[in-house]
Amino acid sequence: MARFNKRKSQWSKDKKKTSDGSDRREGYKKIDRNNALFEAYYRAQGLCEDEEEWTAFFDTLRVVLPTTLRITAFRQEAEGLRETMRKASDMHINIPTDSSDEPVTTLPPPTPMPWYPNDLAWTVHSSRAVIKRVPQFKRLHNFLVAESEVGNMTRQEAVSMIPPLLLDVQPHHWVIDMCAAPGSKTTQLIEALHASDPQAPKDAVPSGLILANDANGKRSYMLVHHTRRLQSPALVITNHEAQFFPNIRLSGSGPGPAPILQFDRVLCDVPCSGDGTLRKNEKIWQTWTINDAYGLHALQIRILERGAQLCRVGGRIVYSTCSMNPIENEAVIAQVLRQANGALALVDVSDQLPKLIRRPGLSSWKVMDGQGGVLDSYAPDRPKDKSTPSCYSPSEEEAGRMHLDRCIRIYPHLQDTGAFFVAVLSKVSPMTAADRNGVEEEKVEATEEDVVTTKEGANPTKDKVEITEEESSKASTIIPVKRPAENDQDQPRTREKKTGRGAMPKEEPFIMLDPNQPEIKDITDFYGISPDLPTSQYLVRAEDGTHKTLYFVSPAVKSLLQARDVERLKLINTGTKAFVRNDVKNIDAFPFRIQADGLPLLTPFLGPQRFVDAAFSDVLTLIREANPKFDSLSEPMATKLRAMRAGCVILRLDPAQMNEAGKGLKYPLLMPLWRANVSVNLLISKIEIRALVTRLDLDIEIGEGAKGKGHAKTEEEAKAEEEAKPEESS
Ligand SMILES: C[S@@+](CC[C@H](N)C(=O)[O-])C[C@H]1O[C@@H](n2cnc3c(N)ncnc32)[C@H](O)[C@@H]1O
């Protein structure tokens, strides 16, 4: 085992000094952060090297986590935000303490995470609760909240940022996030997909897609909420138990069988006991039991196994948990490698994220009963034994062959984080009929006899286990390579329980809009949209033509929605809201407004006719007042507005227009407006306005319009403008 890095550990020396004052131990006395069985269990696993390291390990586990965040890389705001954080790194915050010896505690300034590329991830060395409560943090807190709400930043645990980085997503990849909610890793995957592709023109829609799935209905909708801030047309959200994710036949145009949906990248961030999150979820100190892991082990194997089946040959799979338990980690990896019979291999990622301090995966571990008694091997008749054969360590020879040491373990004391486990796997040869679709006959090495169909709990020393028909409905299976691809039995021989769907709202259908619809031509003409933006990628959610919203989807999402078996997918959401219809009576307004969500996507394709250049004073007026009349705006803007047809207008503010107050603006500011007969109003939510005010460091009252304190307006205008507001602001 690599030596414990004493120099880098923030916790090995003077605990009082390095735990940055009373705040990080907030609640310390209220919760008993001791659990003898937990301590004995992990000591037996040999995670640390010596007593000094064990002390650092347990001491760190008992201190509340610092706050960590990530800047959204593909947003044009990223550079400005990084600069703001860099400036904040001079900032030492003094907060009063109760002690007369040390009347103030000086908190260290925010620091970039050394291992995260391009200074895009930061640690604010204080707990969330303190940042929220202490007045000295107010400005920083407002900044973080505002930028998070509009998707320019994401608060995310440091260790949770590792799996998406190691998945190595490129803009052309098809990616599935098997257990995605609430979606912090999904947002990172979306960012990677949208990272600039040197071969694609700037602002191009990525050619790949992200399919984010979760078994829990309500949590799938959380996923919609969290990912909406990023407005990706390349995202699809589904609601399946990952181990039963259906085989989807795409619409193949060639003579052979239609290809089955497979992915270049698969993330299995599986449900786990979560004892790596003790610093955040302190209740685990008292609820943790040895048996927690046994209940999850079989499910984790099935999810990873299904993930491996869904991965194309040559693709990459990342398995991760926020648990330290080898039963949920190395034992799962070992069993899936065994079942894959050479089709999967652990990837050596020791040269990636070089500044990330890590420990190698365990090659052997202890299995214990609920009371902490060590179990040497599996015994089927042992009473109250929750272990299964696959929980036990492989032989030394098998562990070496599998390279279990290539797994990554992160412990809290190494770099002041939560604990985490990550394994990166590569699919090196075919496993399933779906694989065979994309692989030439002669390259298929596995035969039907080679295919391993394994029941969890099977004796790991045997490669193959026979299962009965009845068992096959419960067991996870690998589809034989030689089964004809058109055969419907290609569906995994498994059943999906109907869980968590009962209370869910009925989803409207997802229908690709005929590009010859007159409304598409009207929109194209009104906004002068370039032919480079395909008219065949609009989606609507009503069959009878009553739709109000046009969503835009990427070509990959469109091809998925047109798959032959698409009805097997429990689709929850997809598409970026591009245009929303609001018919306003008695005003000759063009009814389709651009939704703020869709503006970044649409901007590069819009003609000049609906843009209006604003002065900084105009933006201030629009923030302060509801529905300012044209007369109260700068003359050039008012003149241009008067000459335009009523409807949506895009305000553009050039950074050169900014005075001292708004010098934080580094790029042209674009916002949709509703141009009524004699006045205008902002078509952005209060949240977005707040982010703008914070970013530009404006000392200004906002939200007068939303509070109804705007100037008097005609009844007709008030109604029109109310209707034109985006949904989230109403
Ligand atoms: C560790 S959390 C995922 C965290 C998420 N990847 C993120 O970064 O925000 C595990 C998720 O798995 C979901 N889950 C539980 N059982 C599942 C199953 N059988 N299939 C798919 N998802 C499942 C849970 O609802 C939960 O949202």
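Any Cβ shown, glycine's included, is placed from N, Cα and C.
Check TrEMBL against the ranges 86-109, 374-397 and you find region 'Disordered' recorded for 374-397.
D269 is the residue from D168, D264, D269 that TrEMBL records in the S-adenosyl-L-methionine site together with C179, A180, A181, P182, G183, S184, K185, D214. Residue pair K185 (S-adenosyl-L-methionine binding site) / C322 (active site, nucleophile) shows a Cα separation of 13 Å.
G183 (S-adenosyl-L-methionine binding site) has a Cβ environment of 28 other Cβ atoms inside 10 Å. D269 (S-adenosyl-L-methionine binding site): 23 other CB atoms within 10 A of its CB, across all protein chains.
Proximity of A181 (S-adenosyl-L-methionine binding site) to non-local residues of its own chain (separation of 6 or more, Cβ distance below 8 Å) is seen for A212, D214, N216, R219, S220, M222, L223, given in sequence order. One way to see the shell of the S-adenosyl-L-methionine site is to take the Cβ centroid of C179, A180, A181, P182, G183, S184, K185, D214, D269; the remaining same-chain residues with a Cβ within 8 Å of it are D177, T186, A212, R219, L223.
Within 10 Å of the Cβ of K185 (S-adenosyl-L-methionine binding site) there are 24 other Cβ atoms, across all protein chains. For C322 (active site, nucleophile), the nearest neighbour among the listed binding-site residues (C179, G183, D269), judged by C-alpha distance, is D269. For C179 (S-adenosyl-L-methionine binding site), the same-chain residues 6+ apart in sequence whose C-beta sits under 8 angstroms from its C-beta are N213, D214, A215, A242, C268, D269, V270, P271, I303.
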